[in-house]
Every structure is written in C-alpha cells, then in structure tokens.
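Data first, discussion second: the structure below is written as structure tokens.
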Amino acid sequence: MSSVSIGENIKISLFGESHGLAIGGVIDGLPHGQKVDMEKLDKFMARRKPGSGKYVTQRKERDEIKFLSGIKDFIIMGDPLAVIIENNNIRPEDYKTLAYTPRPSHIDFSAKKKFGEHIDLIGGGHFSARLTAILTAFGGIAKQILESKNILVSAHLDRIREIQDTRHNDIENIQKAVEKSENNRYSIINEENMEKIDKVLQELVKEKDSTGGIVECSVFGLPPGVGNPVFDGLENNIAKMSFAIPGVKGIEFGSGFEGALKLGSENNDNFYIDERKEIKTKTNHAGGIIGGISSGMPINLKVAFKPTPSIGKEQGTVNIQTMSNTRIKIKGRHDPCIAIRGVVVVEAIVSLVVLDYLL
C-alpha cells in the first residue's frame, strides 16, 4: 500500500499509524559514501514538526530520527536505510466518537470500503500526514546530496487566502530568499506578510475553521538534459510524489493553467546566449521542463493544498451503523492550514525525485 519506486533507482516504503507506537520507513538506492549532516537534517525536520508554533497543531512530537540500518558514523553505506520516529504525544481517545461517523472530506469512508472495518483510522491512521515526517527525513538527506552537486531545492508558502508571497521568478538574490523562507515560522520570502498571516490564522482558530494554501518549489542548478520522455518525465514523477502528500489536490509547472489562456507568442520561452556563453531562455513559462526533460532553467512548480478537513464547526455526516443522517463536531489538535507545514514536505519529495534521475 505504501511503497514506491520513485524512478529507476530510489525505492521507498513507509509503515506505522498516526497514533501507533512509531512511524518508519525504508529507503533503498541512496549513493554510498555520502555523509549526512545531522544538524542540517534536524533543522530541516523542525520545519515540519508539529507543535512548533502557535497556529499549527499543538500535538507536540520530538520527531527524533532513529536509524536502524544503512548508515554508520553518519555515512550512508549503500544498503537499505531504515528509520523510525516514535510517536510520543498520542491521544486516540479524541477519535472514539468517530468510529461510525466518517469525517467530511477525510479518508474514513473510502478506506473502510476498500480495506474493511478493522483498518485503523485514528488520526487518519496510515493515511495521516504524520507519515510525511519520514518522507521529510529521506528528502532532507536527498537535498544534502543535491547540494553537494551544487543543486538547490527550495520551497515557500506562495499563497494563503488573499496573501501572496514573492515568487521565485521575481527574485534576483535567490540565496537570500531561501535563507528567509527557511528561517521563519511560515516559510515565506516576504516577511512583511507575517502579521497578515497571523491575523488570518487567528481568525480561523476563533471560527473553528481552516483554509488551504499554495506552495511554490524551484530547483536551481539542474543542468539541461535530465529526465525522460513520455511515461518517466520529470513532471510525471514529481506529480506522483506530490500526491503522496495528504491534502494535495493540484499541481502545475511553470505558467500552468494560466498559460493555457495565453497566446503561443506570449507563452513561448525565447532562447538567447548569455554572457557566459550558455543557452538560456528569456522567460520560464515551461517551468524548466520540456517533454519531461530539464531545459537548464530552474524547475518551477506549484502545489495546491486543500483546507484542513478536520474543523471544529458542526458538519453533516452519516452514521454507517444505524444508516441515518447525523451531525458531528471534530475534536483533536489540527492545523488551520496544512500548507504551512507542507512546504518542507514538497521540498523533500522534489529533492528525492531529482536525485533519482542523477544516480
């Protein structure tokens, strides 16, 4: 159910449930001999960690990575690398009243229809975004390997409600922008928007509601010619891995859906030779990918997260035991906007996909 070959080289499997003893995973195909900087990896993990801010879920987890195999003295050995992260702050009692009343826009109803009544859906069970902690750990390692090849993967919260962040295409000093987005609580570039986001989230918490968001991710330094056509293109595998993140409902590359409304003369990226005698394009409407293969321009994509479905407002559902209509109020500790902690997860999965093509 939860194993995947990202491309030709890296394979991942995940295990565990949201309120079980632990979550974990195995990754196979990482290059041997690469040293893992644990300080950087811990900092990367902290960007996703629950309980890390006033307006994210108050489920407090340490998210301490425990390596079981595949690494010695923080150097990757080349055999399957296995990790676990213990769940220290579980509260399954919050979900007891939901056994027969599927939560609107959650996996509850669909999962029971597919896997039967005995599947664990407490806190989302195996379907929970809690498991993205493992993807983040693996992606954080992949990101470090890419950085050793002078390839930078960076994501930020592009939009929440009407608040629009500065976009990568509009920035001259990318490194400075990356440092900003990696070191503030909302993973944004324009820090003038911090208070505006505070107010949006404060109102959502007050109203017991939620919102969605858009995450922009770019890959800088990837040379042209990386990828494959037709079924194994860069877009294909980035999209596949993006939809492994719970709550993701859409993805676009470059000008995406907006580009569909343009003329060809507006959307085409004209070539030119820059001062270093390298072939570039004046614009990047293609998002750095043509026909599944990198063009040498930054890969650019946006991922859409739906509003957190667990909200405190009363909602309509059914009782599948009595086959009657009913109303529920969901308890528990939930993010008013899952896109905020989703930023680093997008960064992680894109890093894994790009690394797979380079091995």
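Positions of Cβ are set from backbone N, Cα and C atoms, glycine also.
Of the residues proposed, Arg276, Arg327, Arg333, the one TrEMBL records at the same FMN site as His126, Phe127, Ser128, Gly291, Lys306, Pro307, Thr308, Pro309, Ser310 is Arg333. Note: the CA-CA distance between Thr308 (FMN binding site) and Arg48 (NADP(+) binding site) rounds to 16 Å. Arg48 (NADP(+) binding site) is 14 Å away from Ser128 (FMN binding site) when you measure Cα to Cα.
Annotation note: His126 (FMN binding site) sits in a helical segment as assigned by DSSP. For the binding-site residues Arg48, His126, Lys306, the greatest number of Cβ atoms within 10 Å around a candidate Cβ is found at Arg48.
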